[in-house]
Amino acid sequence: MKIFKCYFKHTLQQKVFILFLTLWLLSLLKLLNVRRLFPQKDIYLVEYSLSTSPFVRNRYTHVKDEVRYEVNCSGIYEQEPLEIGKSLEIRRRDIIDLEDDDVVAMTSDCDIYQTLRGYAQKLVSKEEKSFPIAYSLVVHKDAIMVERLIHAIYNQHNIYCIHYDRKAPDTFKVAMNNLAKCFSNIFIASKLEAVEYAHISRLQADLNCLSDLLKSSIQWKYVINLCGQDFPLKSNFELVSELKKLNGANMLETVKPPNSKLERFTYHHELRRVPYEYVKLPIRTNISKEAPPHNIQIFVGSAYFVLSQAFVKYIFNNSIVQDFFAWSKDTYSPDEHFWATLIRVPGIPGEISRSAQDVSDLQSKTRLVKWNYYEGFFYPSCTGSHLRSVCIYGAAELRWLIKDGHWFANKFDSKVDPILIKCLAEKLEEQQRDWITLPSEKLFMDRNLTTTS
């Protein structure tokens, strides 16, 4: 019996030791990031040149050149089966993009970073210089996606406000601060919110940026708000041309509320932690809300807008707007009715009459979102994947996205389809170059015709 107890004791000790050793080895392997040192063959590096360079934190040092999968973006645009097939093959691989600490590393030296990304080669026209645009970027994750978005919309004559969620990871915050330090026309919002989904804090984040942008010395004409999974569909030259056509009007979705959305602002909502979730959500109570102040008629739409500076100045100096904001604090997703309603308030700059027809998300060029229940009716099927009924676009949609006519689109994710983002950025740079060089070439031809005649 004594021998059995002794044997049992030693066996238990051995099991504990083996368990401890296994956990220690797993932690060590994770710390060393073995996947980067000895990657498997079926991977795809989204940023091959950077991921194998000394400019990032998590460097792939033993990657064979065969991992570098070349795709022709012109072929993707023309929907050539071979190139579309390549993009589908890449999606079957383990897609590895730069992590937040990689963005921190590559933006730690601003001169090197700007050279790596070719900011000095960005072309700008006289028309763009005289028509600066402001941006409000409300972000919380995936620093590399935000970095790509900023690179795509960057123009030295524009102004950019970044609002990052106070709850965001520290590494993400450092990456955003680094980006802002590298440019005189990019800054972090002076007041940062802890943003909760469908809560007033999301609207407040944009308002914080708008307030800061009004204090800027850059006299911007319009402001556009975006999130980290958005991407432009127009070059800056084309966007300036489109904004000029507005002639002081605003561009956003504004429709009469369907019955399914009435509860959002007719009942009091309280922010509560949802069971089995790691988030807080505004939960409807049985307490009815009073009618909106000043006989304001509610319209609904999107959280995203294109607003004139005159409109933005007005809302910060108008008591009706302030009262309406206070009334909206306990509603569900107030950012989806706040702007859509204000644009209908009589006397506001760029006003749309209450009796005017609805402006749907398809009519407003602000932002293209493909909902799965409208696919096949209003737009072709999604070739990527879906998240909460919203399409994350695939490479086969490149041509449609550019030709559709919207100015921005959502959602993009490099882990779903990195080729689409790469090719869209390439196409926008090509369009910017073509639009800027075209006038000079046309002028040259006109002069030649005049000389020969």
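Cβ coordinates come from backbone N, Cα and C, glycine included.
As given in Swiss-Prot:
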TOPO_DOM  1-13  topological domain 'Cytoplasmic'
TOPO_DOM  35-453  topological domain 'Lumenal'
CARBOHYD  N72  N-linked glycosylation site
DISULFID  C73-C227  disulfide bond
DISULFID  C161-C382  disulfide bond
DISULFID  C182-C209  disulfide bond
CARBOHYD  N286  N-linked glycosylation site
DISULFID  C391-C423  disulfide bond
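Sequence-distant contacts of C227 (disulfide bond), defined as residues of its own chain at least six apart whose C-beta falls under 8 angstroms from its C-beta, comprise L137, V138, V139, Y304, N410. Within 10 Å of the C-beta of C209 (disulfide bond) there are 26 other C-beta atoms, taking all protein chains into account.
In sequence order, the disulfide-bonded residues near N72 (N-linked glycosylation site) (Cα within 10 Å of its Cα) are C423, drawn from C161, C182, C391, C423. Close to C182 (disulfide bond) in the fold, though at least 6 residues off in sequence, lie T107, C110, Y113, Q114, each with a CB less than 8 Å from its CB. Of the listed glycosylation sites N72, N286, the Cβ environment within 10 Å is emptiest of other Cβ atoms at N286. The Cβ of C73 has fewer other Cβ atoms within 10 Å than any other of the disulfide-bonded residues C73, C161, C391, C423. Confidence for the topological domain 'Lumenal' (35-453), expressed as mean pLDDT, is 94. In sequence order, K370, N372, E375, C391, I392, Y393, G394, E397 make up the list of same-chain residues 6 or more apart from C382 (disulfide bond) whose Cβ falls under 8 Å from its Cβ.
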